Amino acid sequence: MKNGNTTSYFILLGLFNHTEAKLFLFVIVVTTSFASLVGNAFMIFLIHQDARLHTPMYFLLSQLSLMDMMLVSTIVPKMVTDYLTGEKFISPAGCGLQIFFFITLGGGECFLLAAMSYDRYVAVCHPLRYPILMNWQLCLRMTLGSWVLGAADGLMQAAATLSFPFCDAHEINHFFCEAPTLVRLACADTFVFEYVMYICCVLMLLVPFSLILISYSLILAAILQMRFREARTKAFTTCSSHLSVVGLFYGAAIFTYMQPKSSRSAHHDKVVSVFYTIFTPILNPLIYSLRNREVKLALRKCLGQCSALSHD
């Protein structure tokens, strides 16, 4: 390696460079990404159209779908273009934008999931006080706070990552610009940055995750004390849907950003990144639609209206 220098581009090695089944995996990724965009867009449309879904819980869910749509749009189009054209170059500005939007959306989703857990805690444990404890003003503040905190972390990490001098080998063994992977190419001491990034990960991942665990522990205790089986089933079904999303998202994120550097590998990072940037977003609308009675009723109403219009 030569000394660090400025660069006009990086090279993304991509997702399929070490496998023979390139076309098959490419089709799966594109199909999954398209289905994710359609599913989350339809979820937002459904929540907007059905008056019964105009509640804080579903507003937060619509924001989750919006973040997932933007996350897929940040990563997949560039990856698809690189695969089809063979041009795998990305400018430092483009790399910085990917890091910024990825961290903004990922960090924002961490806090949004915590807000959703608080919403479920109030709905299950304090149903009579729900309109007061979970009013629209608080809901909007939590949503805005999620976006702002995510954007602040994204801006800091993007600026700090690109401030390092990079070695002559500008090849990024990934399918998008992710801060931990890009830092490996730096020709400078990155210890302080990695330590600060680790602290940020603790704040952005473990603090919301701890709040989620506390909320659902209280919810579980309340569910076990419910007398009526129907009420227990409804509460457990709704909350288990939320926990499924939380487990999928946080499990992959903690594995990527809080794993010791000595035990990290580029291949494992790519596999886990595929999981929470491409596959998890499609699971969110499926989990919430298939396990939520209100959403299924709204879906049937929408399909009924569409059927009626097609026969006119």
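Glycine is no exception: its Cβ is also placed from the backbone N, Cα and C atoms.
TrEMBL does not curate its annotations; it predicts them automatically.
Sequence annotations record features per position, and here TrEMBL assigns transmembrane segment to 23-46 (among others). Counting only same-chain residues 6+ beyond the ends of the transmembrane segment (23-46), those with a CB under 8 A from a CB of the stretch are 15-16, 53, 61-62, 65-66, 68-69, 72-73, 76, 79-80, 83, 274, 278-279, 281-282, 284-286, 288-289, 295, 298-299, 302.
What TrEMBL records for 39-288 is domain 'G-protein coupled receptors family 1 profile'.
Taken from TrEMBL, the feature transmembrane segment applies to 58-76 (among others).
Sequence annotations record features per position, and here TrEMBL assigns transmembrane segment to 96-118 (among others).
The transmembrane segment feature in TrEMBL is assigned to 138-156 (among others).
Listed by sequence, the residues of this chain that lie at least six past the ends of the transmembrane segment (195-223) yet keep a Cβ under 8 A from its Cβ atoms are 107, 110-111, 113-114, 117-118, 120-121, 124-125, 149-150, 153, 156-157, 160, 179-180, 232, 235-236, 239, 242-243, 246, 250, 253-254, 257-258. Taken from TrEMBL, the feature transmembrane segment applies to 195-223 (among others).
Sequence annotations record features per position, and here TrEMBL assigns transmembrane segment to 235-259 (among others).
Nonlocal intrachain contacts for the transmembrane segment (271-290), taken as residues 6+ away from its ends with a CB within less than 8 angstroms of a stretch CB, comprise 15, 29, 32-33, 35-36, 39-40, 42-43, 61, 64-65, 68-69, 71-72, 75-76, 102, 106, 174-176, 178, 241, 244-245, 248-249, 252-253, 255-256, 296, 299. Residues or ranges marked as transmembrane segment in TrEMBL: 271-290 (among others).
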